[in-house]
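Peer 1: Have a look at this one before I ask anything.
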Amino acid sequence: MTEFNTIDDLDVNGKTVLVRADLNVPMQDGKVSDTTRIDRLAPTLTELAKKGAKVVVLSHFGRPKNGPDAKNSLRNVLDALSAAVGQTVAFGEDCVGDKAKAAIDGVQPGAIVLLENTRFHAEEEKNDPAFAKQIAALGDLYVNDAFSAAHRAHASTEGVAQYLPAAAGRLMQAELEALTKALEKPERPVAAVVGGAKISTKLDLLGNLVKKVDMLALGGGMANTFLYAQGVDVGASLCEKDMADQARAIMETAKAANCELLLPKDFIVAKEFKAGAANRAVPADGIGADEMALDVGPKTVEFLGLKLQGAKTVVWNGPLGAFEIQPFDAGTNAVAGLVAERTSEGGLLSVAGGGDTVSALAHAGVEEKFTYISAAGGAFLEWLEGKDLPGVAALKKK
Ligand SMILES: Nc1ncnc2c1ncn2[C@@H]1O[C@H](COP(=O)(O)OP(=O)(O)OP(=O)(O)O)[C@@H](O)[C@H]1O
Ligand SMILES: O=C(O)[C@H](O)COP(=O)(O)O
């Protein structure tokens, strides 16, 4: 990778290295429920520490809107991070200013310090230059290892690279290399499967994605929003109703681009969002006013199975249902199983990505069977669109 500096190009001994990580990991009951992102980040941190750097980890966590709160504190992932790197990680109560500086000053070279959620400051998402400078003031060098957050032009992903010598971390390097190898010239037909809960922030990219793929299968909250836009009553399901116009525009774009849009035929619905909740299968237009579509139903699984049979490449982001709570994992498990089986038989190239998607595929027991699994969700889809990701662009050699 000649376009970027990597850790090999940096002299880190005795330096303070700021590492932008993506510790935005799935949580359940206050505990990290899938450590994939942390495990994949760990080699960068331990390599820098072994080379004699003070390693300062920066990350966002969730989408806090009103400043600091306990739920979105990175303290929640401190133990999992310490376990992954095999040493106790220190914690700084803020990601800039005196508290951050005190935490960094308090450790020796070879130590790792995690700073508090960058999104506790509104300036982070605004990519405020003064805030980026405050972050840069904490270190000598900047390493970005957060490919999965590289689609965000934020102060800690993009801005800070303007003020310090910058390089790609090992995970960033590995993701770009693997995705380029797998998907630079994908064999057609290409099918994209997009589910999950992030609707408004992923709709923009779907408008471009339908121009690149031959089929787009939707599940999760995304499918509910498209069905609502078609006039279907989705009851109490996760749905961003104010996105209906944009969903309709995407349907038009898909039609013009000859991309077949595959919407669920049926759902498993329940009145409560909890494991074991009483549930029933209903046609897509049969959701009761007080019911939530929490998974795609068996007819949808069969339909997607048939459609995906015709694909040579499948790219997947976002689970088809609320897979964390049984039995609403069944649709995701079944479709993941079909994709994994065809991949193992050699008829399909399959690439999936996303914090919860990785967790859902591990839960389905198929993680090893996909061609490649990226830690990135939205960033992976934007990379697939052919977009220059701001976090990656900022690392390019000047
Ligand atoms: N029908 C549904 N109703 C409610 N929640 C759903 C439904 N389908 C999926 N989900 C939820 O979507 C979440 C995952 O969505 P998300 O878009 O964050 O995926 P991701 O793989 O983490 O991607 P990214 O890395 O971009 O965040 C899961 O927590 C899952 O429970
Ligand atoms: O989980 C992700 O996809 C990344 O951490 C980005 O999170 P965001 O969508 O909240 O920016």
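The backbone N, Cα and C atoms fix where each Cβ goes, glycine too.
So TrEMBL lists the following for this protein:
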BINDING   Asp22, Leu23, Asn24, Arg37, His60, Phe61, Gly62, Arg63, Arg119, Arg152  substrate binding site
BINDING   Arg37, Arg119, Arg152  (2R)-3-phosphoglycerate binding site
BINDING   Lys202, Glu324, Gly354, Gly355, Asp356, Thr357  ATP binding site
Peer 1: List, in residue order, those binding-site residues out of Gly62, Arg119, Lys202, Glu324, Asp356, Thr357 with a Cβ under 6 Å from any atom belonging to ligand 2.
Peer 2: none
Peer 1: Between Asn24 (substrate binding site) and Lys202 (ATP binding site), find the distance joining the two CA atoms and give it rounded to the nearest Å.
Peer 2: 17
Peer 1: List the same-chain residues at least 6 positions away in sequence whose Cβ sits under 8 Å from the Cβ of Lys202 (ATP binding site), in sequence order, or say none.
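Peer 2: Looking at Cβ-Cβ distances below 8 Å from Lys202 (ATP binding site), excluding near sequence neighbours, one finds Val194, Gly196, Met222, Asn317, Gly318, Gly378, Leu381.
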Peer 1: Using C-alpha atoms only, work out the spacing between His60 (substrate binding site) and Glu324 (ATP binding site) and round it to an integer in Å.
Peer 2: 22
Peer 1: Spatially speaking, which of the binding-site residues Glu324, Gly354, Gly355, Thr357 is closest to Gly62 (substrate binding site)? Use C-alpha to C-alpha, please.
Peer 2: Gly355
Peer 1: Take the Cβ of Asp22 (substrate binding site) and count every other Cβ within 10 Å, whichever protein chain it belongs to.
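Peer 2: The Cβ of Asp22 (substrate binding site) has 28 Cβ neighbours within 10 Å.
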Peer 1: Just to be sure I understand: of Asp22, Arg119, Glu324, Thr357, which binding-site residues have a C-alpha no more than 10 angstroms from the C-alpha of Arg37 ((2R)-3-phosphoglycerate binding site)?
Peer 2: Asp22
Peer 1: Taking only the binding-site residues Asp22, Glu324, Gly354, Gly355, Asp356, Thr357, which have a CB closer than 6 angstroms to any atom that belongs to ligand 1?
Peer 2: Glu324, Gly354, Gly355, Asp356, Thr357
Peer 1: Measuring Cα to Cα, how far is Asp22 (substrate binding site) from Arg152 ((2R)-3-phosphoglycerate binding site) in Å?
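Peer 2: Rounded to a whole number, the Cα-Cα distance is 12 Å.
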Peer 1: Find, among the binding-site residues listed as Arg37, Arg119, the one whose Cβ has the highest number of other Cβ atoms within 10 Å in the structure shown.
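Peer 2: Compared across Arg37, Arg119, the most Cβ atoms within 10 Å surround Arg37.
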